[in-house]
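**Student:** According to TrEMBL, the record shows the following:
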- 73-179: domain 'Fibronectin type-III' (DOMAIN)
- 180-273: domain 'Fibronectin type-III' (DOMAIN)
- 324-585: domain 'Protein kinase' (DOMAIN)
- LYS356: ATP binding site (BINDING)
- 614-678: domain 'SAM' (DOMAIN)
Amino acid sequence: MCCVYFPSKLKSLPDPWCPPGFFKAEASNRSCQACPANSQALVSGAQFCFCKDRFYRAPTDLRSGPCTGLPSAPRDLMASTQLPSGKLLLSWKPPEDTGDREDITYNVECQRCDGPVCQTCGEKIRYEPGSVGLTDTKVLVSQLDAHLNYTFTVEALSGVSQVLEEEMPSSTSITTSVLFTGDIKLVEQTPSSLSLSWDVSPRSQPTSYELTYRKKDDNLDKTTYIVPKLEKNYAQIKDLAPATAYLFRVQALSSDGSRGGFSQEEQFETLSEASMVALARQDDTYFSTPEQLKPLKTYVDPHTYEDPNVAVLKFATEIHPSHVTKQKVIGAGEFGEVYKGILKAPGKKEFAVAIKTLKSGYSEKQRQDFLSEASIMGQFSHQNIIRLEGVVTKFKHAMIVTEYVENGALDKYLRNHDGEFSSFQLVGMLRGIAAGMKYLSDMSYVHRDLAARNILVNNNLECKVSDFGLSRVLEDDPEGTYTTSGGKIPIRWTAPEAIAYRKFTSASDVWSFGIVMWEVMAFGERPYWDMSNHEVMKAINEAFRLPAPMDCPSTVYQLMLQCWLQDRSKRPRFGDIVSLLDKLVRSPDSLKTIADFDPRISIRLPSTSGSDGSPFRSVSEWLESIKMSQYIDNFTSAGILTMDQVLQMKNEDVKNIGVRLPGHLKRIAYSILGLKDQTSTLSVFAV
Ligand code: AMP
């Protein structure tokens with residue numbers, strides 16, 4: 001029975017073979033279906049239709065369904081920066097051509113560029129709700145830096161994109177930078193005025209600011225006041241009502257007039273008249289002269305409290321130790337290790353902090369000295385002063401928690417980045433330090449140990465004055481040396497009158513600031529090199545001063561010399577120093593003239609003669625003495641074969657024979673300057 005023939009039945013069935021352009025998934029009675037959109041069946045009998053060129057089915061699509069194309073690029077990508085600091089909102093429109101699909105999603109990628117150097121943004125920045133698989137056409141980006149350019153690329157994807165891994169998704173990009181200000185801080189309050197300042201990035205474009213404020217709880221008066229075109233990151237708002245809360249917001253404006261993000265809205269209250277009277281009673285001298293109408297701006301020495309623990313409570317916030325997590329040791333303080341860690345207070349965002357600890361086995365006196373730093377720091381609120389977050393005092397292990405400053409101590413940071421910053425950037429750092437010192441001197445606080453090692457520097461090259469303990473100059477600083485006048489003093493940084501008879505004033509801090517200027521402009525070089533403290537004191541008393549660091553602008557060196565005037569009343573005040581440095585930063589042309597080395601302004605320089613004091617006999621002997629013998633061949637090939645020829649060399653010549661490393665260049669150039677000036681070890685200089 002091979003072949004049974006049922007002619008009548010066969011005739012009633014549809015043709016099992018579909019013609020071209022039609023398909024039928026399985027042999028059945030059902031009729032053939034026309035190929036769905038963007039697909040085709042070129043021969044008869046197709047079980048499904050193939051996708052036409054450049055159309056695809058996603059792995060989850062039915063074989064019987066239509067074929068779809070890749071989406072075109074998202075449209076009209078925009079970045080709105082008028083948001084709280086460090087945030088921007090990217091938004092776009094769906095692609096013009098969705099490829100006939102509805103499962104369009106978006107991925108956002110980011111590159112950040114500091115000048116010409118670009119890299120992917122990595123995990124540093126945050127996206128809400130995320131950066132991949134977005135179904136909405138917007139994303140909030142946060143934790144951006146103010147001085148960088150960011151390029152955001154938004155890709156459009158759909159189910160078919162995964163079939164085509166090699167094909168780049170259609171995308172669109174935008175380059176933008178965020179201009180913003182940091183948190184607003186209260187500098188001073190009276191019954192009728194509030195003085196505020198806010199952080200700025202020194203590397204962002206020149207900007208002005210617009211401050212907006214309004215009364216907090218006033219249902220009748222909803223007026224918003226605007227203070228436009230503020231040139232500095234500071235404002236004093238007058239004619240306010242006493243004991244009233246105001247809300248403030250600040251917005252940065254770029255030089256081309258475009259507006260940056262808003263700061264967070266902050267609330268500050270004016271004082272009540274009653275509190276002023278109370279303060280006046282506390283301090284009878286308060287109303288004696290008009291300049292002293294600054295009760296809250298005067299520093300209170302924690303020593304004036306009978307019980308130092310009361311001072312800590314007054315000026316510092318107590319933190320519960322469970323809110324503090326230590327992560328790694330970053331330094332060694334006088335009283336114990338310093339850690340990097342995290343502070344997470346309930347209801348607040350966590351952030352990086354530095355944690356100073358008190359080692360076990362301390363005496364009560366040591367504990368009080370340790371915590372005195374917090375009592376002092378807690379009285380300050382300034383962008384260029386290290387900020388105290390709080391203290392842990394109620395538990396066995398006392399801690400001081402401060403803001404974390406990413407790049408650590410300035411002297412070391414500059415030594416590690418020798419030659420990498422322009423004079424403009426270095427002067428910007430000095431301006432910050434001077435602003436911090438002006439704030440301290442306005443509060444009548446004398447630092448006594450101002451030195452680059454006691455300045456911390458953050459990722460924006462912003463400098464923060466630190467190190468405020470009561471005993472620190474005496475014990476903490478390895479530079480501290482005992483003097484005949486008693487106590488330990490960091491000789492190289494200290495004004496002569498403070499060394500001689502312990503006359504520490506803001507004017508002696510100005511002297512130290514001059515030394516910090518020199519350290520900064522010389523990328524962390526040790527002041528007076530390898531001279532002994534005794535030699536330094538002798539030289540200063542004989543009116544010698546440090547020579548200009550290499551490539552130091554003349555205006556900057558002139559300011560250093562002013563800071564080192566013997567007569568302390570003639571030295572500039574920190575206010576003058578801030579104004580001058582401000583001017584220099586605002587007109588970078590003023591930094592173009594480089595200070596000459598003036599042989600009259602000399603001091604003993606590194607290795608100016610052989611160890612026995614006799615002149616060097618050969619170029620190699622000299623280079624060996626300054627540990628630069630790797631350059632012997634450079635000198636020989638340049639035809640510099642005798643010490644007489646070396647003596648003719650200028651800084652440019654040293655560069656031209658191939659000495660490029662800034663540290664080496666400096667060492668060789670200074671040594672030559674010293675050799676030129678060898679008629680006496682310390683040559684004549686009159687300030
Ligand atoms: P100090 O006891 O204040 O001299 O601190 C010792 C070292 O710890 C410093 O030289 C810094 O390297 C580091 N350090 C202290 N405080 C901070 C901070 N707030 N941020 C980053 N590093 C810090």
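All positions are counted from 1 along the displayed chain.
Positions of Cβ are set from backbone N, Cα and C atoms, glycine also.
Note that TrEMBL annotation is computational and uncurated.
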**Student:** If you draw a 10 Å sphere on the Cβ of LYS356 (ATP binding site), how many other Cβ atoms land inside?
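**Tutor:** If we count other Cβ atoms within 10 Å of LYS356 (ATP binding site), we arrive at 23.
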**Student:** Can you tell me the mean pLDDT for the domain 'Protein kinase' (324-585)?
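**Tutor:** A mean pLDDT of 90 is what the model gives the domain 'Protein kinase' (324-585).
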**Student:** Going by DSSP assignments with H, G and I as helix and E and B as strand, what are the residue counts for the domain 'SAM' (614-678)?
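**Tutor:** When I sort the residues of the domain 'SAM' (614-678) into the three classes, I find 43 helix, 0 strand, 22 coil.
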